[in-house]
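Take a look at the structure set out below.
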């Protein structure tokens, strides 16, 4: 999915902490990889190609991806975002978001005679398949994820009688299972790797026979972005994460930056949200972006920083990503690249 490469950190390390390097020039450390993952790229292109093929309006259940700029751009092109299928006129075209939906949502769309295109990320679909498989084998499934997140709701909906949502380490004590010999954990794909492992460790203390998923559920892009932030954060007085507040993986990047040694970290949707007071006394600014963030928004932050003397931009490369997912079958002929 992603090919790891030797660390090309681009960092002139100092024995001093970031806050004590007051004689050094201002610089930007730019995390690579960052921004769009393969699943987000596929989902956004799915909506764009559906517009080209069918014309406006088309409907999307929930936000196609958790990014305000992407949603507003698509709205300008004639996309209508809805919370539930009963808001869509019968017979209309409905796209399911990258986060996936439960079988009940598919059934509801069919009852309204909606034409549907499924933009669920294939890595989310993999977790759905795991949930169904282990439910068939009558396992208790402990789904680590954020209560109320669309992805978690979709996965839990595949096997509601077998899934218990575990929202972080503090939720572990309340978990009960039917048979401690048949328990497996799965996870939301966009979590903090470190926090997820803490939750798993707590679960295993309670349920020693807890089984691991057949393959890693936290997606390659989430992990890669966290690794890049960890690599640069110790050198940063400030890390700016470009992403929306309802983006789980973007919020996690702020937490990872602070946990890895950044003196401060903030989440912004746009360059205009950067508070110039954050830059006072700051030599090194790290920049990254969540997996649903278009690169144009990152460039806006880089340009803003350049206006304030941060002209030296150094990449921090920890992995190369080459994965591309095929479009949904209904739209594959429409892909030109």
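Backbone N, Cα and C define each Cβ position, glycine as well.
The dimethylallyl diphosphate site in Swiss-Prot is built from 66, 149, 247, 248, 249, 292 plus one of 99, 106, namely 99. Check Swiss-Prot against the ranges 1-24, 25-48 and you find region 'Disordered' recorded for 1-24. A 10 Å radius around the C-alpha of residue 219 ([4Fe-4S] cluster binding site) takes in none of the binding-site residues listed as 66, 99, 149. Ranking the binding-site residues 37, 121, 219 by C-beta neighbours within 10 Å puts 37 at the top. Summary for the binding-site residues 189, 247, 292: the Cβ-based neighbour count within 10 Å is maximal at 292. Distance between Cα atoms for residue 149 (isopentenyl diphosphate binding site) and residue 189 ((2E)-4-hydroxy-3-methylbut-2-enyl diphosphate binding site): 11 Å, as a whole number. According to DSSP, residue 249 (isopentenyl diphosphate binding site) sits within a helical segment.
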